[in-house]
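Once you've had a glance at the structure underneath, I'll fire off some questions.
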Amino acid sequence: MELSVLRSSLLLLCVTTIQTCHGGGQRAKVLDRGLTDRHLPNSFGPAAVWSATGEEGKSGEGRRDERGERERGMASSNMFLQNCMDKHQLVGVLRQMEKFLKGQEMRFTEGLRIMKSKLATLQNSVSKLPQADQSAAPSVCPSLEAPVHGRKFGSKYFIGHEVHFTCSHGYHLVGPETRVCQENGSWSGVNTICKDVSECSSNPCQNGGTCVEGVNQYRCTCSQSWNGSNCQHQTQTAPPEWSVMNDPAFSRRPRCAKVDRAQHCSCDAGFHMSGTSDNSICQDVNECEVYRLDQGGKLCVYECVNIPGSYHCSCPSHYKLLPDGRSCEDVDECLTQQHNCSRGTTCINTGGGFQCVSPECPRSHGNISYVKTSPFQCERNPCPMESRSCHLAPKTVSFHYLSLPSNLQTPATLFRMATAAAPGRPGPDSLRFGIVGGNSRGMFVMQRSDRQTGELILVQRLRGPQDISVDVDMSEYSDRTFQAKHVAKVHILVSAYNF
């Protein structure tokens, strides 16, 4: 619009100039069309100096009245008459003005084209955006409650946040240990519950014994031929009153004395009187049978040996009798240097013996390789930047050996796994724990004890002797992005004895 006004004004200027300079001194009447000196090129010279007060001038400071406009128009006309150009000069000026107008028109057209293109691009981008839907998925998930007989860790229910669950002692987790708030406003996985650990599920009672379930414990009812907490010992048949009668070493003559014409006889400690008053004898009391009890009240932890007038306790090979005279303790062959492990191996003490171990790092696979940094730990070598499989492989692999007695009461916490941030560096904001391998995975659960610690819990009794293994892992996350994984290989060495 502005270019059209400018072009019309210039044409009017040309006509007026011709009439003025070549029309016998007629008064020039220049009609103001909004033309100002800023629209003209500087090369027009003094003859092209015009004063114009169109709409643009009227919007400035102080509006001029019609009288002022006429006076300025007359002044401009008089000045122009004093500087009239000849025909050649006028043609030159017109050509410059035409060239100027063409340049302005081209720039205006190009700018308009660019603006239209950008507007079309913007409109196309906006049309591809998803429309706001009031019924879209919510930004939070419904609140979760802690399971009965368990605990819940995590109080934020926004998308991407995690909630973790653990169970109280005597219960094991059924369902996911970790649930994540998904983008559709629902939680991953299924509801988590804490289930009572079945004490009799591992069939601890031997030799036909019956297991009776209790609260975090069990009791074995044994047949007549067997005894012990798990019906593991065969009952020894003994004569009446648990006496030893056929061995002279277990018989003594009583000590007798007459008091007030009556004869009184007595036996030493550990013996009792048998026979008739005329033919009495002191027989040894078999304390091992008299005090035989099924639960915890036995005279000896392992084996009771009856001797004339008393008894003593014995222990199996590689165990020693403690000062209380009834308990047995394993001899640590590794600590006392009573082993024959060669150089390059490590001695691991077990119940009733020892093992020589030398764990090896995982074999190299592709660009994944490990180096041994200690006798029981391997670390992954640096990964190529583009190798995703290498970054997902365990960063560390550690080896752990645990010695357990047979039929250990369950549930029992065997192993804990946690992380510690390096000084000056923030630690992961989320950890995930799980069981990833082993030959007896069903006997264990891996659950969280707090936000940064996972526990390996034995939920079924293990009867020895046997060696089992279980692999657990811990994955680190920051802002819901995987950072690293650590694997612990736990080897459990179960003794043949329950002490």
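Even glycines carry a Cβ here, placed using N, Cα and C.
Automatic, uncurated: that is what TrEMBL annotation is.
According to TrEMBL, the protein has these features:
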COMPBIAS  55-73  compositional bias 'Basic and acidic residues'
DISULFID  C167-C194  disulfide bond
DISULFID  C222-C231  disulfide bond
DOMAIN    139-196  domain 'Sushi'
DOMAIN    196-232  domain 'EGF-like'
REGION    45-73  region 'Disordered'
SIGNAL    1-23  signal peptide
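Can you tell me where each of these features sits in the structure?
Residue environment of C194 (disulfide bond) contains 22 other Cβ atoms, counted within 10 Å of its Cβ in all protein chains.
Under the three-state DSSP scheme, C231 (disulfide bond) falls in the coil class.
Per-residue confidence over the domain 'EGF-like' (196-232) averages out at a pLDDT of 78.
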DSSP three-state call for C222 (disulfide bond): helix, strand or coil?
coil
Which residue counts does DSSP yield for the domain 'Sushi' (139-196) in the helix, strand and coil classes, in that order?
0 helix, 25 strand, 33 coil
Once near-sequence residues are set aside, which residues in the chain of C231 (disulfide bond), 6 or more away, have Cβ atoms under 8 Å from its Cβ?
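Looking at Cβ-Cβ distances below 8 Å from C231 (disulfide bond), excluding near sequence neighbours, one finds C205, Q206, N207, G208, G209, C220, C222, S223.
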Long-range neighbours only, meaning 6 or more apart in sequence with Cβ under 8 Å: which ones does C167 (disulfide bond) have?
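In sequence order, P147, H149, G150, R151, L173, C194, Q447 meet the Cβ cut-off.
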